[in-house]
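Asker: Feature annotation from Swiss-Prot assigns signal peptide to 1-19. Taken from Swiss-Prot, the feature disulfide bond applies to CYS36-CYS72, CYS52-CYS68, CYS55-CYS81, supported by similarity to another entry.
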Amino acid sequence: MFKLICIVFIATILSITSAADNEDELTIEDFLSYECNESMDIEELKEKDKVCSRCANLHKTQSVIERCRLNCFTSEYFKNCEDNLQAKEEEPEEETL
């Protein structure tokens, strides 16, 4: 049983690490799939994509990420995500007793 738990733990860590490594590897296909033209550079695309990813994590749903990326990050969803993330950052931290 212990071996099984260890294997599952290691597999989880590897998948998390792999996903983090791939996060910064955006390609020309990403530009096309997000309906972006060449006027946006890859760094700007990465930053906007991070906003959508963080927003999806905040709302605990993947459907947000697709809507956020619509029309090269110009949708109302993207604006709402930016606003929600900014509001979340401005919330006072809860004190732990």
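The backbone N, Cα and C atoms fix where each Cβ goes, and this holds for glycine too.
So that I understand the layout, could you describe where these features sit and how close they are to other parts?
Answerer: Every protein chain shown contributes to the tally, and the Cβ of CYS72 (disulfide bond) ends up with 16 other Cβ atoms within 10 Å.
The secondary structure of CYS52 (disulfide bond), as reduced to three states from DSSP, is helical.
The C-beta environment of CYS81 (disulfide bond), restricted to residues of the same chain at least 6 apart in sequence and closer than 8 Å, consists of VAL51, CYS52, ARG54, CYS55, VAL64, CYS68.
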Asker: Neighbour count, 10 Å Cβ-Cβ cut-off, for CYS55 (disulfide bond): what number do you get?
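Answerer: Total other Cβ atoms inside 10 Å, all chains included: 23.
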Asker: Return the count of C-beta atoms lying within 10 angstroms of the C-beta of CYS68 (disulfide bond), excluding that atom itself.
Answerer: 26
Asker: Using CB atoms and a 10 A radius, I'd like the single residue among the disulfide-bonded residues CYS36, CYS52 with the highest neighbour count.
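Answerer: Ranked by Cβ atoms within 10 Å, first place goes to CYS52.
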